[in-house]
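*Asks:* Questions regarding the structure given below will be posed in turn.
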Amino acid sequence: MLIVENKAINPLISPKPSEAKPDTELESLRIWGKHPLSGHVHISGAKNSVLAIMAGALLCPQHCRLRNVPSLADIAKMRQVLEALGVKIERHNDTLELDTSHLSTSKAPYDLVSQLRASFFVTGPLLTRLGTARVPLPGGCAIGARPVDLHVRGLQAMGAEVHIEHGIVHADIRGSGGRLKGAKIYLDYPSVGATETLLMAATLADGETIIENAAQEPEVEDLANFCRAMGAKIRGAGTNTITIVGVPNLHSVDYGIIPDRIEAGTFLVAGAITHSEISISPVIPEHLTPVIAKLKDIGSEIVLDGPNRLRIIPGELRATDIETLPYPGFPTDMQAQLMALLTLAEGNSVVTETVFENRMRHVAELVRMGADIRIKGQNAIIRGVSHLSGAPVLATDLRASAALVLAGLAAEGETLVQGLHHLDRGYDDLETKLKGLGAKVQRVSP
Ligand code: UD1
């Protein structure tokens, strides 16, 4: 078994995550605001890497070990999807052991896929392993329609017969010798998901695949590194042109996931919004470049306290403009959190969301807390206010819920963030980590 050490991660300092909690739809987080924070936070592994890499494990008919896996509801759902396909999975603390030798079906279950968009990632690996895949369309979600046309067109370019019937994507390569064919694919948009689907599919294809206008997100590179550690031949991941030369098979691997740049960014905002000096690790600072640049514009200093550790030294909050873009642009997954911060910044800011069409649902809830925000199309115009006041608010999606928690930490009085199941999708034990910094927060069940 090949061991791939990720230098940014020290498994010895990882806390033992608890198992993902049961459905937390009805739970709320009570936050008593205006308590200064201090200390250090451990950053968990990257959710979006793990989701793609768990699907990528299907490419190899052997055993895979993934380390630095956070305890999240989305990962528990992905585990269910893989188990429904016949994969045996065990979890020991932050390590997942996957035995994919007995893939028993090419049909992913609708009820699970409809709950987790990332489960569509199994399509490419199922196709290469079994010659056929039957995966329900993941459908829309709270932040936008999120089609999969780019995934489908790419697979078709590689020789798969793909049609959609009764809401299910049927993909087949059994008529063409059971192997995808390398192709040159230009993506109309650098979609993270489409790049990952095609990258995985190409690892076992016949010949060379070139993905142009590929997504450059660190999680795409992490997936590529995972595949390379299994023996795949991939060049250029992390740039906009990825070249994959198909190999006949892949082998077993032990792989450490990169730290979650979105969780890291969220904690940096927690420092800025509460005027608190805190440090975070492990992180890969380059992955946070656009977030750090904006936090500096807004008045904070971010210092490197070691190769994988950052400290935020907060300053007076100043307005700035932000536009979300594919990486290395400013991440849409940090838009809501930065907007919460800008509500308290001196002056007028404009936040423009270009990646998803419906990702401003936190605005109404921030306004409920006293923020002054108007929406015009894809822009939010924010006039900084002197203070926010605690209120009951409703989380509408994952990052919106993080924004409301951040606003609650800075608000006067008590905030009740409802709909915690969104938060639990992507933050590993957020309330314990916040408590560790001195925040007054409490999870409440109805
Ligand atoms: C991934 C991340 C998500 C992040 C997003 C953008 C995971 C599990 N999720 O989502 O957290 O917010 O990247 O950084 O990694 N699109 C199409 N057709 C397609 C595919 C995408 O039109 O076939 C559009 C989408 O509707 C969206 C845009 O492209 O407007 C970006 O989507 P994409 O990059 O694919 O995001 P996801 O992979 O879904």
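Yeah, the Cβs are placed from backbone N, Cα and C, and that goes for glycine too.
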*Asks:* Of the residues Val351, Val355, Val363, only one is listed by TrEMBL in the UDP-N-acetyl-alpha-D-glucosamine site with Arg117, Arg146, Pro147, Val148, Asp149, Leu150, Asp333. Which is it?
*Replies:* Val355
*Asks:* Which of Asp149, Asp333 has the fewest nearby Cβ atoms, counting only those within 10 Å, among these binding-site residues?
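*Replies:* Selected from the binding-site residues Asp149, Asp333 on minimum Cβ neighbours within 10 Å: Asp149.
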*Asks:* Name the secondary structure element type, per DSSP in three states, that contains Asn48 (phosphoenolpyruvate binding site).
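*Replies:* Looking at the DSSP assignment, Asn48 (phosphoenolpyruvate binding site) belongs to a helix.
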*Asks:* At the level of the C-alpha atoms, what whole-angstrom distance separates Asp149 (UDP-N-acetyl-alpha-D-glucosamine binding site) and Asn48 (phosphoenolpyruvate binding site)?
*Replies:* 20
*Asks:* With every protein chain in view, what's the tally of Cβ atoms within 10 Å of the Cβ of Arg117 (UDP-N-acetyl-alpha-D-glucosamine binding site), excluding that atom itself?
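*Replies:* Excluding its own Cβ, Arg117 (UDP-N-acetyl-alpha-D-glucosamine binding site) sees 18 Cβ atoms within 10 Å.
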*Asks:* How big is the Cα-to-Cα gap, in Å, between Lys47 (phosphoenolpyruvate binding site) and Arg146 (UDP-N-acetyl-alpha-D-glucosamine binding site)?
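*Replies:* About 19 Å separate the Cα atoms of these two residues.
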